[in-house]
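Okay, so here's the structure we're looking at.
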Amino acid sequence: MKVVPSLLLSVLLAQVWLVPGLAPSPQSPETPAPQNQTSRVVQAPREEEEDEQEASEEKAGDEEKAWLTASRQQLAKETSNFGFSLLRKISMRHDGNIVFSPFGTSLAMTGLMLGATGLTETQIKRGLHLQALNPTKPGLLPSLFKGLRETLSRNLELGLTQGSFAFIHKDFDVKETFLNLSKRYFDTECVPMNFRNASQAKRLMNHYINKETRGKIPKLFDEINPETKLILVDYILFKGKWLTPFDPVFTEVDTFHQDKYKTIKVPMMYGAGKFASTFDKNFCCHVLKLPYQGNVTMLVVLMEKMGDQLALEDYLTTDLVETWLRNMKTRNMEVFFPKFKLDQKYEMHELLRQMGIRRISPFADLSELSATGRNLQVSRVLQRTVIEVDERGTEAVAAILSEIIAYSMPPAIKVDRPFHFMIYEETSGMLLFLGRVVNPTLL
């Protein structure tokens with residue numbers, strides 16, 4: 001029986017301008033012009049040409065900047081839509097708490113795409129909702145993610161740490177080009193591993209991940225297939241601080257309604273001040289904005305009626321969220337918000353298949369990753385996300401027309417029933433984390 005090597009992917013999460021030189025205008029040897037005439041006759045057109053060239057370069061540069069800005073905005077928008085689609089798939093299998101990172105999943109799958117060709121590459125792009133980004137620029141997607149990673153890492157107030165590992169079996173021949181591109185775009189650290197000794201490999205990889213996530217994910221891997229050749233791991237650690245922290249003195253145990261019949265007691269935080277919010281009449285939901293330091297925001301979506309939160313998921317899109325944000329009004333309000341901690345782990349392989357990414361196992365074409373790429377398969381796509389929300393902030397690892405009405409908001413919003421939350425980086429519009437809380441006391 002032939003053993004097919006398996007590729008295991010786990011998700012935790014220069015531009016050169018070449019301008020031709022201008023050749024000097026030739027002068028006729030038969031009729032040499034006096035020096036002062038040469039200056040007037042030849043130099044003036046050259047100055048005009050140089051001015052035209054500079055104007056052309058400036059215009060091209062402006063067009064390139066505008067195009068890159070539009071591409072970054074489209075990347076953020078489509079990654080959010082991918083996240084909402086993935087939420088719907090997860091929700092079909094899980095009726096409880098949900099939390100994951102659309103950004104982390106897109107980052108890892110784009111990293112895998114560096115080694116993919118043919119139908120495998122096409123399906124990954126479509127599954128991530130990124131097929132519309134300029135297909136004539138093959139390095140565009142990883143370049144955009146690289147720029148986004150660098151922007152996020154420079155924001156020290158944000159408290160976001162992102163990294164990537166490639167655990168490679170010691171005898172497995174990975175193409176140097178793939179490793180170089182992974183390092184260039186995703187700063188991937190390559191670590192040799194002996195997967196034949198599965199228990200030792202599991203222990204070492206868990207040690208690496210535990211260290212990089214600062215103890216938040218001490219045990220990512222429960223078991224390792226000894227036939228594994230390569231494991232790609234992306235991790236994201238978010239330690240956000242509220243722009244206006246909740247005062248722990250006012251945190252009290254209160255009632256949280258899981259559904260019409262079941263209630264639980266939870267630590268309920270309290271804050272008073274100016275908060276941005278809106279009310280969507282179509283969906284009968286309150287949308288509350290809780291800002292972090294570093295230009296990051298948590299949006300909390302709270303349905304008026306118990307049990308309607310599942311129906312809302314069918315209509316979540318970037319356009320709907322943008323409509324909410326445009327109609328936000330800032331008012332003096334009281335906010336009651338539960339403390340919670342979630343720790344969720346998803347085998348995303350089947351979920352991604354349902355979203356059209358089928359040619360990663362079997363029949364994957366990873367020939368840009370290895371010379372044996374047509375005999376490889378992605379055996380697992382794993383994401384584990386941990387998020388904790390308290391008085392100080394958040395610590396996390398990993399088209400329908402909506403009618404918005406202006407009305408007198410209630411003096412208080414009390415989040416005492418199931419709700420959705422989204423954590424955005426506002427400058428880029430990137431959706432970092434997305435989740436649903438049904439029971440704040442359960443991981």
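Heads up, the Cβ atoms here are built off N, Cα and C, so glycines get one too.
Features reported for this protein in Swiss-Prot:
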type	residues	note
COMPBIAS	56-66	compositional bias 'Basic and acidic residues'
CARBOHYD	ASN36	N-linked glycosylation site
CARBOHYD	ASN180	N-linked glycosylation site
CARBOHYD	ASN295	N-linked glycosylation site
REGION	136-153	region 'Heparin-binding'
SIGNAL	1-23	signal peptide
SITE	TYR261	site 'Essential for interaction with PROZ'
SITE	ASP314	site 'Essential for interaction with PROZ'
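Across the range of the region 'Heparin-binding' (136-153), the DSSP-based residue counts are 14 helix, 0 strand, 4 coil. If you measure from the Cα atom of TYR261 (site 'Essential for interaction with PROZ') to that of ASN295 (N-linked glycosylation site), you get 39 Å. A separation of roughly 28 Å, to the nearest angstrom, links the Cα atoms of ASP314 (site 'Essential for interaction with PROZ') and ASN295 (N-linked glycosylation site). All protein chains shown were included, and the count of other CB atoms within 10 Å of the CB of ASP314 (site 'Essential for interaction with PROZ') stands at 10. Cβ neighbour count for ASN295 (N-linked glycosylation site) (all protein chains, 10 Å cutoff from its Cβ): 15. The Cβ neighbour count for TYR261 (site 'Essential for interaction with PROZ'), using a 10 Å radius and every protein chain shown, is 7. It is 32 Å from the Cα atom of ASN295 (N-linked glycosylation site) to that of ASN180 (N-linked glycosylation site).
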